[in-house]
Each structure stands twice: as C-alpha cells, then as structure tokens.
Amino acid sequence: MGPARRRDALRLRGGGSPPLLRLFPGRLSAFPLFLLALLLGFASLLWLQLSCSGEGPAAGGQHRGAPRQPCPPPAPPQPPREDPAWGPHRLALLVPFRERFEELLAFVPYMHRFLSNKRIRHRIFILNQVDHFRFNRASLINVGFLESGNDTDYIAMHDVDLLPLNEHLDYSFPEAGPFHVASPELHPLYHYKTYVGGILLLTKQHYELCNGMSNRFWGWGREDDEFYRRIKGAGLQVRRPSGITTGYETFQHLHDPAWRKRDQKRIAAQKQEQFKVDREGGLNNVRYRIESRTDLSVAGAPCTVLNVLLDCDTNETPWCTFG
C-alpha cells in the first residue's frame, strides 16, 4: 500500500490525529487553529461561570494565594431619595488604583452590596493613576476628595484589596472624628497602634482640617503614618471598632505578594524624608489633571473611574520617578 492510500486508510479508521483535531478536515492552517483556541477559551469561561460559588469572599478570609474571584450577585437597587431609613449622609468611597483589575472586579460589586445592605448612600470612585510616575496613594486620595462633588459629605480612604467580612463593621458618618475601620486589632497584616491605613473614614470637614494627605510619598508605604501625625496635630482623636470578635479574620486581604510586587524602593533622600511631617503640602498643592471621567457598572454595581495624571516637581521629590 502506497503512502497516500495508507494515510487515507488511517483517516477512515479515525487514526493519525487526536479527536479535537479531526474536527477540522485536511491540514490545519492558522485560521482553524485560531478557531480552536476560541472554542477552548469559551469552554473555560463557561466552566468558570458554572463552578464559581456566588457566595462572595469566604468566611474567615483567604490571606494566602491568588485572590478567589467570586460570582458577584445582582446589585441591589439604589435607594429612593425620600427613604429616611437610608439617612441624610452620603459616603464617597475613594479607591487609589493602578493595574489591579482582578481585585477591582471583586471589590466594586462586593462593596456596593455591603454598603447597600447597611443602607449607606454612597458613590465609589476608582482613582486610576495613568501617568508615568511612581504610585502615589496619598495624592490620589487628595484628588478623589476634590473631585467627589458636593453631594457627598464624608469619605472612606479604602484599599482595593481589603474586603470587610463582618457585617457589624461601622461605615456610618464619623461625626465624632476619624474612624479607623481596619484597626490594628483586626487588620490581617498591620498591628502597630498608630496604624491608620487600609480603611479610614473622615468627614470632609475633618479631612480639610488636616489639609488632606502629604503629596511627597511616591512608592509604597509611610503616607498613612504621616497622616496619623496630621490627625493628632489637628486635635482630632482616632476612633476604632468595638465589639468585633472576628479578630484577624474580620477582613479578606486579596493581595498576594508572590504575584503583585510592591514598589518599596527608597531612592536618594527618600529614606530620610519618609519619617518627616509635611507641614506645608496636602490638599492645597496637589498637582494633577483628570484625563477622563467615566461612569460605569461592574456586575450591576455603579462606580466612577477617574483617570488621573499626577504631576511631580523632581526638584522637591526626585524619588517620584523610577530612574
């Protein structure tokens, strides 16, 4: 039997190629391979959708490994403006952000449902830094404060990778002073007594009294430690949750340092400057431009994305660049 007839015989008996490849007659070209990849991708997405839990973050938190992406439930309806059960105050949830889309897809629907279940009127602002400088969490929060509008009267400085698991956590109007939701007794990672990062609520009046946050902190860390000194200097007292018994399992921390590295470089005089109190800068001198402002929905949960271009005076803070 010649080579050609042998190939025909193998084809008739189903031999010579795997079952999936036999879906495409003849030799495989680029287009059938592309179509096969699309079919496999669609099957993977369908399997993910059918296998995800729909329960949101697991109780007890998952502090190690890549973040689990829950199936977001349908978003709750917006409250009627005249419903007194929702109270008179409105929260601006300010979320500093850069290239953490997996966490964002879980965060927005989860927080919208969490706050709606507590009947807290709110708007979620994603402060997306799109310039080429190092990440500046404090400046982004200053920008979010200035851009949040007059229809909100208090803010939450909220990390995108921290989800509250305990429904008794208080996100209501902090009239008595700054309220640190992610207190050292509850945060899964940071336990020192002057810590005020993660999730911190302030009235807009109190934030202005502190002149916002310092704009000198480029890269990861220390900006919240400096802000603690501003709070004390303004004569304000930090309050924290009481009666919460879930300890370090009060929050789910989505961040995984193995695949999401933090920018912890200390460049030039940054090592000395990071422990100083900035007595001049803050809300009054943050330099930025809004490239775009987009209202969108994530799994039915509304949010506003601000693409922010920060500016840096390299004479004042040369550590704002990666050079």
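Cβ coordinates are placed from backbone N, Cα and C, and glycine is handled just like the others.
Keep in mind that TrEMBL annotations are predicted by a computer and have not been checked by a curator.
As annotated by TrEMBL, compositional bias 'Pro residues' applies to 69-79. The domain 'Galactosyltransferase N-terminal' annotation in TrEMBL covers 88-171. The domain 'Galactosyltransferase C-terminal' feature in TrEMBL is assigned to 178-253. The region 'Disordered' annotation in TrEMBL covers 58-83. If you look up TrEMBL, you'll see 28-48 marked as transmembrane segment.
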Check: Averaged over the whole of the domain 'Galactosyltransferase C-terminal' (178-253), what is the pLDDT?
Finding: 93
Next item on the list: Mind tallying the domain 'Galactosyltransferase N-terminal' (88-171) by DSSP state, helix then strand then coil?
Entry: 28 helix, 23 strand, 33 coil
